[in-house]
């Protein structure tokens with residue numbers, strides 16, 4: 001697990017049934033591209049978040065495949081339809097096998 | 001991740017070489033697109049890519065794609081060492097086929113977005129982003 | 001001769017450079033209104049209006065600072081929020097044990113630092129004060145002056161003063177240190193023989209190659225730079241600038257940089273505390 005990885009998610013606490021809401025996510029991660037070399041000229045191995053998913057009550061909102069050209073501290077903003085109250089689960093998959101997960105509950109109101 | 005001045009120069013040189021000898025770089029780009037489209041024809045229209053005309057730093061360039069009715073959108077950076085950037089797949093609860101992220105660009109180049117639409121057709125758009133590589137590294 | 005040479009470098013403006021919306025209003029989270037342009041303090045002779053570095057950036061970069069979620073620097077502030085409550089050192093104390101909630105205990109502090117410390121008989125930066133707390137009140141080890149834990153903590157302390165006017169004193173017992181800082185500001189360093197003033201006073205708003213020169217204000221520090229994707233301290237930026245003149249630089253935390261920070265901070269009196277800001 002990369003050190004000090006921290007995920008942030010911005011989602012509304014409530015939405016009208018069927019409403020489309022804006023979701024923002026950011027995870028602190030170096031996204032080492034594999035293109036760089038260290039001080040001795042040895043390549044620094046690639047170590048990135050390679051996939052991000054957002055799922056609401058088991059249904060997919062967005063599923064993103066990331067390549068090394070995504071910036072340090074990957075950021076995504078997108079729209080989600082909220083048909084009913086439930087949990088929005090955000091998952092980031094690290095090259096090293098780590099999985100980082102955040103959950104936000106959204107109520108209808 | 002940061003680029004040293006030396007790496008930035010090396011990247012820039014690589015880009016210049018790619019311009020002079022477009023075949024290998026172009027081949028990588030074409031291969032990546034072909035993999036996504038499975039060789040299908042790619043049309044235009046129905047997709048919007050918003051990217052800055054000039055990026056103050058190539059390490060963090062904000063981009064947004066919007067392709068109503070798309071099931072997936074692939075982003076490509078034609079002048080990067082590897083052209084892939086990311087692919088968004090929109091699920092049944094996507095409120096819009098729109099997404100924003102922040103990407104790395106090794107130099108001035110075209111950013112390309114290709115959408116796979118609900119009917120299986122493909123459409124593309126592109127935008128040139130000038131990347132300023134300054135002298136004041138700080 | 002030197003003037004002519006600098007004129008050539010600066011004169012080669014970057015063709016087609018993005019024009020920042022330099023008159024845009026900076027409001028963070030729709031509620032913190034920032035003063036990004038105001039009348040220069042009396043002690044400044046060469047500049048009438050002082051401007052936040054934010055006014056020199058492109059619209060895309062400007063936008064990143066207008067919302068705490070879009071501002072990646074806030075992730076590191078959150079790390080400092082956790083550190084604020086962690087007891088460390090032989091006395092088993094955390095920052096919170098003495099200062100309480102950071103938003104109450106630290107409000108306004110960033111705006112007046114660096115500041116004369118009567119007991120110590122010296123001008124202290126926030127970093128020096130934090131390390132003094134760590135060693136004398138917590139019995140903990142000092143943090144590296146410009147290391148991440150320190151810079152993140154300074155960003156947290158700054159964040160609770162956002163929108164307040166910078167109001168750093170240059171008179172009384174601080175005047176000697178301030179005068180040293182001013183001398184450094186106008187001294188040409190390095191093989192390029194450039195002073196701070198050459199770029200940030202005589203040529204702000206011009207381009208030096210592709211760089212849009214700002215006034216070198218520090219009201220937005222620590223700043224999240226797109227370049228290295230982390231928070232950068234004032235002294236790290238000073239070091240980078242002086243290194244770019246091809247000089248041996250002073251070290252972060254050195255008396256020279258403390259004096260320079262005091263002087264430069266007073267050049268921003270009247271602008272808002274913005275840290276953590278976002279810059280290129």
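Cβ coordinates come from backbone N, Cα and C, glycine included.
As annotated by TrEMBL, domain 'Cytochrome c' applies to C:80-166. Residues or ranges marked as heme c 1 binding site in TrEMBL: C:95, C:98, C:99, C:133. Marked as heme c 2 binding site by TrEMBL: C:196, C:199, C:200, C:241. Positions annotated as active site, cysteine persulfide intermediate by TrEMBL: C:241.
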Between the binding-site residues C:95, C:98, C:99, C:133, which lies closest to residue C:199 (heme c 2 binding site), Cα to Cα? C:133
Taking the Cβ of residue C:98 (heme c 1 binding site) as the centre, how many other Cβ atoms fall within a 10 Å radius? 11
Please compare the binding-site residues C:95, C:133, C:196, C:199, C:241 by how many other CB atoms fall within 10 Å of each one's CB, and tell me which has the fewest. C:133
Candidates C:99, C:200: member of the binding-site residues with the richest Cβ shell (10 Å): C:200
Longest inter-residue Cα distance for the heme c 2 binders C:196, C:199, C:200, C:241, rounded to the nearest angstrom, is 11
I'd like to confirm something. Which of the binding-site residues, C:196, C:200, C:241, has a Cα closest to the Cα of residue C:95 (heme c 1 binding site)? C:241
So the record assigns C:95, C:98, C:99, C:133 to heme c 1. If I measure every Cα pair among those residues, what is the longest distance in angstrom, as a whole number? 11
Which of the binding-site residues C:95, C:196, C:200 have a Cβ lying under 8 Å from any Cβ of chain B? none
Within 8 Å of the Cβ centre of C:95, C:98, C:99, C:133, which other residues of the chain have their Cβ, at the recorded heme c 1 site? C:93, C:94, C:96, C:97, C:105, C:137, C:138
